[in-house]
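Asks: To start, I am sharing the structure in question, which I have written as structure tokens.
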Amino acid sequence: MVLIRVLANLLILQLSYAQKSSKLVVGGDECNINEHPFLVLVYHDGYQCGGTLINEEWVLTAAHCDGKKMKLRFGLHSKNVPNKDKQTRVPKEKFFCLSSKYFIKWGKDIMLIRLNRPVNNSTHIAPLSLPSSPPSQNTVCNIMGWGTISPTKEIYPDVPHCANISILDHAVCRAFYPGLLEKSKTLCAGILEGGKDICQGDSGGPLICNGQIQGIVSVGGNPCAEPRVPAIYTKVFDHLDWIKSIIAGNTAATCPL
């Protein structure tokens with residue numbers, strides 16, 4: 001049975017196609033403290049996810065990362081020794097592509113969060129650009145997060161880890177995830193030989209290609225980083241109109257079909 005690495009800490013969700021478990025960055029190295037000013041730690045009720053600051057008031061993450069009493073931490077590198085410019089916010093509003101966040105469909109695992117008040121840009125806090133065009137196959141992209149660094153054990157690092165992976169042919173993911181539609185609004189990315197991957201706790205974090213957020217960590221295999229088992233990312237480019245409409249104040253905007 002295919003396991004979905006719905007990358008939130010032991011967060012088990014019922015999907016419309018299959019049930020799977022979550023994961024984090026495996027096979028990477030500690031990120032440079034200055035290379036992730038847009039990276040957000042999203043947490044609630046003992047669960048953690050990643051997120052991406054796209055402007056001073058808005059964050060992108062995965063729909064399955066939603067929960068009560070959510071907090072978002074900005075300007076964070078070490079969780080135990082925070083930067084002086086760290087900031088914490090809570091959601092003011094949340095927007096989803098689905099009527100229920102508990103039933104995640106391929107390509108609709110996306111949540112747009114409006115913060116209770118804007119963050120202040122600083123040395124370790126700055127937004128990441130939205131995509132100007134979709135990434136092509138074989139593009140080398142970056143993944144990052146505070147997720148577990150072991151494919152089989154829950155070993156959560158104090159600092160975020162980063163790794164480079166590549167955009168793969170959609171058919172590679174369809175071979176492992178039979179419910180994935182040919183034209184779903186997702187990206188397939190990973191390393192075919194295995195060894196580098198997102199893992200538990202990395203859900204909602206960014207897939208960064210050419211300095212832009214192209215994907216949101218959604219689904220993967222269990223255990224993480226297995227050969228020929230890439231992960232699935234919600235494709236941000238296909239949701240640009242929805243994202244921009246919501247931010248502009250059109251809260252009734254609908255997601256692409």
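Even glycines carry a Cβ here, placed using N, Cα and C.
These came from Swiss-Prot, pasted as-is:
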{"type": "ACT_SITE", "residues": "HIS64", "note": "active site, charge relay system"}
{"type": "ACT_SITE", "residues": "ASP109", "note": "active site, charge relay system"}
{"type": "ACT_SITE", "residues": "SER203", "note": "active site, charge relay system"}
{"type": "DISULFID", "residues": "CYS31-CYS162", "note": "disulfide bond"}
{"type": "DISULFID", "residues": "CYS49-CYS65", "note": "disulfide bond"}
{"type": "DISULFID", "residues": "CYS97-CYS255", "note": "disulfide bond"}
{"type": "DISULFID", "residues": "CYS141-CYS209", "note": "disulfide bond"}
{"type": "DISULFID", "residues": "CYS173-CYS188", "note": "disulfide bond"}
{"type": "DISULFID", "residues": "CYS199-CYS224", "note": "disulfide bond"}
{"type": "DOMAIN", "residues": "25-248", "note": "domain 'Peptidase S1'"}
{"type": "CARBOHYD", "residues": "ASN120", "note": "N-linked glycosylation site"}
{"type": "CARBOHYD", "residues": "ASN121", "note": "N-linked glycosylation site"}
{"type": "CARBOHYD", "residues": "ASN164", "note": "N-linked glycosylation site"}
{"type": "SIGNAL", "residues": "1-18", "note": "signal peptide"}
Asks: Measuring Cα to Cα, tell me the gap between CYS209 (disulfide bond) and CYS97 (disulfide bond) in whole angstrom.
Replies: 23
Asks: Say we define neighbours as other CB atoms within 10 Å of the CB. Which of the disulfide-bonded residues CYS65, CYS141, CYS209, CYS255 has the fewest?
Replies: CYS255
Asks: Just name the most isolated of the disulfide-bonded residues CYS49, CYS97, CYS188, CYS199, CYS224, going by other Cβ atoms within 10 Å of its Cβ.
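Replies: Per-residue Cβ counts within 10 Å for the disulfide-bonded residues CYS49, CYS97, CYS188, CYS199, CYS224 bottom out at CYS97.
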Asks: Among HIS64, ASN120, ASN121, ASN164, all listed as recorded positions, which has the most CB atoms within 10 Å of its CB?
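Replies: Its Cβ has the most other Cβ atoms within 10 Å: HIS64.
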Asks: Within 10 Å of the Cβ of CYS31 (disulfide bond), how many other Cβ atoms can you find? Include all protein chains, please.
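Replies: CYS31 (disulfide bond): 21 neighbouring Cβ atoms within 10 Å.
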Asks: CB neighbours of CYS173 (disulfide bond) within 10 A?
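Replies: Other Cβ atoms within 10 Å of CYS173 (disulfide bond): 24.
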Asks: Across the domain 'Peptidase S1' (25-248), what does the pLDDT come to on average, as a whole number?
Replies: 93
Asks: Of the active-site residues HIS64, ASP109, SER203, which one has its Cα closest to the Cα of CYS224 (disulfide bond)?
Replies: SER203
Asks: Between CYS188 (disulfide bond) and CYS255 (disulfide bond), what is the CA-CA distance rounded to a whole number of Å?
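Replies: Approximately 20 Å lies between the Cα of CYS188 (disulfide bond) and that of CYS255 (disulfide bond).
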Asks: What is the total of other Cβ atoms whose distance to the Cβ of CYS162 (disulfide bond) is within 10 Å?
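Replies: I count 19 other Cβ atoms within 10 Å of it.
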Asks: Any idea what the Cα distance is from CYS162 (disulfide bond) over to SER203 (active site, charge relay system), rounded to a whole Å?
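Replies: Here the two Cα atoms are 14 Å apart.
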Asks: If you draw a 10 Å sphere around the Cβ of ASP109 (active site, charge relay system), how many other Cβ atoms fall inside it, taking every protein chain shown into account?
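Replies: For ASP109 (active site, charge relay system), the 10 Å Cβ neighbour count is 30.
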Asks: Within 10 angstroms of the C-beta of SER203 (active site, charge relay system), what count of other C-beta atoms is obtained when all protein chains are considered?
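Replies: Excluding its own Cβ, the number within 10 Å is 36.
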Asks: Looking at the disulfide-bonded residues CYS31, CYS49, CYS173, whose Cα is closest in space to that of CYS199 (disulfide bond)?
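Replies: Comparing Cα positions, the closest of these disulfide-bonded residues turns out to be CYS49.
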